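Now, the feature entries from TrEMBL:
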type: DOMAIN; residues: 56-123; note: domain 'Anaphase-promoting complex subunit 4-like WD40'
type: REPEAT; residues: 12-41; note: repeat 'WD'
type: REPEAT; residues: 338-369; note: repeat 'WD'
């Protein structure tokens, strides 16, 4: 590996298979220790002051004079950059989701996946030579000055200082213990993580309703920008659902996540792969959003057959067995809260002012009003026996009043025996059957509980607070275990033992936002830019009909018609009831020369939505163009009967349009309806453009010859020749077409004149009249 440079810094990877060395030329070399060869060289452009491996060894964080960068060792590319100068030490948390950086006076915590700083203000630790280390849980950060011998412990998610001003050192080898050193003694200290009560976050945002997955580990919390997802066991935030504000996300018995907010009512599929990795998405859109503000709930029954969403003046019920027949529950003014009984029989709606209503979920029939309540939140018990609303337990079915309670942020335990009620600075656990208070848990942060949720095994309670954005986790099993040691456990059946108390590996998760992650375009965005961005997106989401639709319009603008047809085809498959898509597929097909298909699409669109003036005009153009092709094309391609029908349709859509008058005259002439042809051609000749008059005159000559009017036919033919000479066709192709028609007319006029019938005044049989 060669001799080290004077200022070279060396670091082993976590698995000891790689060695990173920094060099004065602004590079870091990653050696494969099995071979001694350089596996990757990172060109930083400037000397680095410190670096640290990601726990999985596939990334490395590098500190330089004015920034910290995260490099991917597989691709050799920088993936994130943090503006932070003078870093003297770096550390990753055990899950690789948080990076801590220290200067001589300040510590910053960063979200390693997004590059966002986690706390508004840095953690202050003055003094030189700051070293950093995370505890194995990732919840506590150690900072120590090896110059001044001071040490501090910090809570990672809140940034709160836990312990300071001790000569406390925490080398890596001690893991969960450190040692206290003075002149006269050394002591080993064990650091307790305080898992009885944990704070997962104090977000710069509201934290709304929590819900825990049936597996017990995945936590969802409603936020102003979507749904925050957490690994409940490790207290680590996972990939969020950035879908706009959601008040009350809820996991169903199947594990799928129901979320109602800016993006509508969405059911997100949640699956666990064989390797334990969780996949969230794709989603099913059950209803569009009708929010005027964002304080609305949604709910479903245990089998996810009945789904209800609040709608301000009532609620809307969507049933799996009748997806196209939503039920309206109302009126219920200011309806914000909804709940479905686990058996799917009853629906409760609640108003902010303090009344609730009961409805039959099958028929939508109003059953009963629960009035004069302190507040209107509604929650059914899992055993289907009780409805909580307004500080009262109501017996399901009879709706008689049961025990009363005070407080808010309430939730039932999974066995329906306990009820958690939040008050200003504590949680009360209430026995449902009697209303008796079993235990009171005082919040160390003295925060009010706005919402709460039990874990599926009943051993944990998650609480949230709107004002601070806090998410707290109470571990009832650990609390009761410690109370039991002192004979102080509360009077309740013991909680089930955990399946394992061994440390768990970090939870891995991927999120498929589907079309919700689609790029947006400015109103005046160039078509080529839309095509480029759309193509990149569709490489990952080929079934996104809306993006196909947008790219199709851009392709039309740049005259890439066959590709536009393909995009509108795909868009129409995704939304086959949209007349707009049908119309613009027709427009694209017309531009691509697919006239039969274009006419079918445009006719279909007008049938669904008749008041489309622009589409009506486009259909007329398509019919007229195909009629001309079938009338003026080579003899084998001519179809006078169809040409006449198409010309008639064009003129029906656009009466008195001169080119369309000419086309129907030509079609009538081809079909042998000479008298009617003369009528339309004379009108076209009178009001049409000069460039079209030679064609009018040639067909007038042939039509008049067909009626035996040889002198007039010859006169029209001579006028046509003068027109052609005065205004020759502008292109070679048009000149050739005109020459062919001239030759046809000349040949026609040489034929014997038609012998007139005995009754020359007998009308010509034709369905067409000018």
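Residue positions begin at 1 at the first shown residue.
Including glycine, each Cβ sits where the backbone N, Cα and C put it.
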DSSP says what for the repeat 'WD' (338-369): how many helix, strand, coil residues? 0 helix, 19 strand, 13 coil
Could you give the residue numbers and ranges of same-chain residues that sit at least 6 residues beyond the repeat 'WD' (338-369) on either side and whose C-beta is under 8 angstroms from one of its C-beta atoms? 295, 297-303, 305-310, 314-315, 317, 319, 327-329, 332, 375-380, 382-384, 387, 389-390, 396, 399
Which bits of the chain, at least 6 residues beyond where the repeat 'WD' (12-41) starts or stops, bring a Cβ under 8 A of a Cβ in it? 1, 4-5, 47-48, 51, 53, 55-57, 60, 62, 71, 73, 76
Number of helical, extended and coil residues in the domain 'Anaphase-promoting complex subunit 4-like WD40' (56-123), per DSSP: 0 helix, 33 strand, 35 coil
Looking only at the repeat 'WD' (338-369), what is the mean pLDDT? 94
